[in-house]
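Encoded as structure tokens, the structure appears first; notes follow it.
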Amino acid sequence: MGFATPTCPIAKRCGGCEWLAVPYPIQLRRKREAVVGLFSDLLDSGASEAAPGDVAIVGMEAPRGYRHKAATPFSPGKGGMIRSGFYERGTHRIVPCAACLAEDPRCRPILNDMARVAERLKIRAYDEDKGRGMLRHAVVRTGWRTEEGLLTVVTNGNTLAHGRELAEAVAEAAPLRLSVVQNINQRRTNAILGPTSKPLLGPGVMHDSLLGVTFEIGPTSFYQTNPEQTEALYRLAIDGARLEPGQTLLDAYCGIGTIGLCAAKAVDGVSVVGVERVEGAVADARRNARANGLGGRARFVCADATAYLADSKHNRTGFDVVVLDPPRAGATEAFLSACDASGCGRIVYVSCNPVTQRRDLDFLVGRGWLLESLTVVDMFPHTKHAETVAALRRR
Ligand SMILES: C[S@@+](CC[C@H](N)C(=O)[O-])C[C@H]1O[C@@H](n2cnc3c(N)ncnc32)[C@H](O)[C@@H]1O
């Protein structure tokens, strides 16, 4: 692998890519070693078919431009100027950024262009100390398999004067088909998005595809930011599930249904039940199932994953395989207990936090489950984060 180590003029101040100066092959080695170290006694025990040497890491061929989602805060500059970029590490001072090597190169210019158009239209940036001004943040998503994009303009109020003009001017200069949404956030907190959104231009959603399934993505939908590595992650999850026609898969913590729908598409005759607690994501999942002709085989439920699986009437549905992809805090003991009691033969655990995954695997191994494989996927090159996929079967 002949990787050139990239440099970034704002690396020291931005702090987003903390491993930028580390050559990529060494980053991969470090991430793999960190995961193997964390799981070493389990991998060396009779509860694992995988030995430490079997743990592979899936890195990127070209680890740049991988983030298909970018955001900027805005703040007032001198003479009506609008500052945009990244917060300097540990502060709310904005460091301007012309181009970010981790982002799809189309993202940052759209955000910066938006600031320039807003200055021209005399729209004021939000001053967080005074709680005054209109433009708070912007978030842009770009398609990987499509030429579509979605720009979310976060405002401190319902009425955005010149909103349509702003949207049209930014969309016209954008190198893809850009829909623009206004999101209203009047809370004085660090959360970027508020509860309500309305389209300013176009449909207010965009589409992207993973493993042959097309997903509609709204301004508040959870959708992985590195689609190339997401395909690798989902492929590992589907392979680890070893699904057969006629089987039923529970996709727990399913977001907009991406893993379950990709599994249903990959294996004919498999039925999927997805469970997710965010209502909007469940609505997206149902729409995505229908739009991909998978509505007859995929059902999505809005519920807490633990409450759903612990309820014996759902457990009687007879899941053959459970895939779970919980947030960083991991699953709950009650969820894992219900999984164990459900009679499913296989569990695939996708994790963005190997520490909580290790805790949860210890629980399952204590109930007699066997770790078949553990793989690391590098979703965020130049950072210390690692995602992992563990496949387990009942002994
Ligand atoms: C890491 S994301 C994974 C989503 C999806 N599998 C994907 O790859 O896009 C975790 C998801 O779990 C959902 N979630 C968090 N806690 C939950 C709970 N207690 N019950 C059900 N869903 C939950 C979140 O809303 C989020 O969509």
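Note: Cβ is positioned from N, Cα and C throughout, glycine not excepted.
When TrEMBL records Q224, Y253, E276 as binding S-adenosyl-L-methionine, the matching candidate from D325, D340, D360, D362 it lists for that site is D325. For Y253 (S-adenosyl-L-methionine binding site), the count of additional Cβ atoms within 10 Å of its Cβ stands at 20 [all protein chains shown].
In the structure as shown, the Cβ atom of Q224 (S-adenosyl-L-methionine binding site) sits within 10 Å of 21 other Cβ atoms. Here the binding-site residues are E276, D325; the one with the fewest Cβ atoms within 10 Å of its Cβ is D325. Around C352 (active site, nucleophile), the same-chain residues six or more apart in sequence whose CB sits under 8 Å from its CB are P327, R328, M379, H385, E387, listed in sequence order.
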